[in-house]
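As structure tokens, the structure follows; a few thoughts come after it.
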Amino acid sequence: MGAGMRAWVGAWRGAPVRRTSGRVAGLVVLVALTVLLCLVSLAVGAKAVPLEHAIGALTAYDPALADHVIVRESRVPRTLAALLVGAALGLAGTVTQGLTRNPLADPGLLGVSAGASLAVVLGLHVVGFQDPLGYVWFSLAGAAVTSVFVFLLGSSGPGGASPMRLALAGAATTALLGSLTAAVLLLDSASLDRYRFWAVGAVAGVRLSTLADLLPLLAVGAVLAAGSGPLLNSLALGDDLAQGLGVQLGRSRALCATAVVLLVGTATAIAGPIAFVGLTVPHVARALVGADHRWVLAYSAVLAAVLLIGSDVLGRMVARPGEVQVGVVTAVVGAPFFIALVRRRRLASA
Amino acid sequence: MSQLDVAAPAAQVARARTAARRRSIVVGAVLAVLVTALFLLSLSLGHTIVPPADVVAALLGTDTSRTAFTVVELRAPRAFTALGVGLCFGVSGAVLQALARNPLASPDVVGITAGASTGAVAVIVATSAGTGALTSSMVSTPLAALAGGGVSGLVVYRLARARGVVTPYRLVLVGIGVSAVLTSLTSWLVTRASIDDAQKAAVWLAGSLGARTWDDAVPAVGAACLVLPAAAVLARRLRVLQLGEQTALALGVDVRRTRRALVAVSVTGAAVATAAAGPIAFVAFVAAPLARRIVGSTLTVVPAALVGAALVLAADLVGRTAFGAVQLPVGIVTGVIGAPYLMWLLSRPQRIGQGE
């Protein structure tokens, strides 16, 4: 136990934990933390619910008790939403960074969120959706079209998809789509009114039925992403070496891109464009466990879930009886941590 | 090895240098003519079309009719604001990208415009929610934007410095982090506002030159007059700095002071420009790569400024006149026109975006 603790202290000082037993132990601790945060998330809010009522609502539901109804109808859905969205964004960020070999790559920076946003705004403008289930397909389609487009653009021309070309292609696409989004919103104030609450990034008001309908998409994306670890490890060696190791570049890129689109598109449809999670969490995970993508993926998923649930809880605590949306809190909480990390060590440039 | 063999390459270098210098002067002149033409065009086009001769007469004060009022009081402030803002954005982007040796390091990415936006939106929301203690938001929005942009720029620079060194890479990363916070604060402020204020904020956030007065134009042009010469003077040392920190030190450049001065120039330019017209998308980001492509040399402060001015003037002209009754804010036009242009550049066999 003492040695394990020392290894984890070392991880913060810049020496990732290499022993499998240490990595498993860390993962177990993080999962336990996630469960604990989930329980806290059920109890905390505009009306504080005692922990035994929160657990009782799950084990022995009594519709006559107000506390049970609050937990079941409002807090369980938002906690699950935060859990799923967080894990999805963490996985998607890791896959994006591994695939493009770019530590700055993030679904947001590569334009995928902007594509989803524009599609949702068009959905709001043209059809007038009220529920995430209505615009999830728009969000997904927007994410898919944009990511394919950015990748084609970044890899066209000689020299292929260098990290910087991809980042520039993403920035150009984000600017274009952002302008179009702004144009639609300026012409249609009713859409702006709904869009502004979606765009801030929030898990409040998500319905359980919506989550259940979207779960298969997330599950497929998560399975693809989780299985991509060995592939990303090979890709990290460079295209030529990866090919030499028997990786089929085109097929594996398509696989990873599908995973990212499914994860980001669905997560964005549920909670709006939550910036920053996909960018920062993989860096933290890499700092903890090193460059092996199989472990980075696992840690990223759990860490991002912890970040999102924790941020949602915090957002409910700081502005009682109102609340600050989770997207704001993730940025405000996540950024200082990220900046500290940037200052502390040279981020792994892989 | 004879004397001649050494002299021949030296002569070649000298010839190439002269050619490059001549080219940059010609390009600069052409760009200046283009900017002037666009400027006059934006004074003459609009709801009523004023012939160029009358525009000149109105500007010189020899004409005092109603058309003169249109030109001098309605269109000139807008055109001057566009000019100043474009120059500032162009310089700011060129300096920062060269300093960080990274085309991603434009003021939009490293948090200067994000800070300005947060400041402005905070004032837009606070002035109408408050009891009227704050005066008209038309006065305080630019000031708040200036303060926000300046503070966030300095915070980013300070945070990017660890153990006395600012690495370009760290500057971009810290900038992205700070921008993310500011952007989400902005969208949170927008959710707290009434729908009217949200709409006002949306127009400002898109980057708009509508209803500008001389109060907006004078600071923008003034800042351009300050920032452009400063950057042009510093450009020589910046070029040395681009060779790498160690090399620059060895060549006798005071790296720290030079870098500080350059950051100050860039932050001032971007913050003043954003204060005057909102965060106009893409101008700072694309001006320097475009200018580099036209001129063909690595560092191009003056051409970048002119390209920025041309972009803003042209985009405002298009947004104002091309869509009939609907006037699109300039920032939407720059995004819709500028982004595909960068995409086209990316898809061509060219230098842009390779390594650096």
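Including glycine, each Cβ sits where the backbone N, Cα and C put it.
Curation does not apply to TrEMBL; its annotations are automatic.
Per TrEMBL, the feature transmembrane segment maps to A:79-96, A:108-129, A:135-154, A:166-187, A:214-233, A:254-276, A:296-314, A:326-343.
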Long-range Cβ neighbours of the transmembrane segment (A:326-343) (under 8 Å; 6 or more residues past either end): 82, 200-203, 271-277, 279-280, 283-284, 287, 307-308, 310-312, 314-315
Top partner of the transmembrane segment (A:254-276) among A:79-96, A:135-154, A:166-187, A:214-233, A:296-314 - counted as Cβ pairs under 8 Å: A:214-233
Closest-packing stretch to the transmembrane segment (A:79-96), where packing means Cβ pairs under 8 Å, from A:166-187, A:214-233, A:296-314: A:296-314
Chain residues in Cβ proximity to the transmembrane segment (A:108-129) (below 8 Å; excluding those fewer than six residues from its ends, i.e. six or more beyond): 96, 100, 135, 138-147, 149-150, 166-167, 169-171, 173-174, 177-178, 180-181, 184-185, 188, 190-191, 194-195, 198-199, 260-261, 264-265, 268-269, 273, 275-276, 278-279
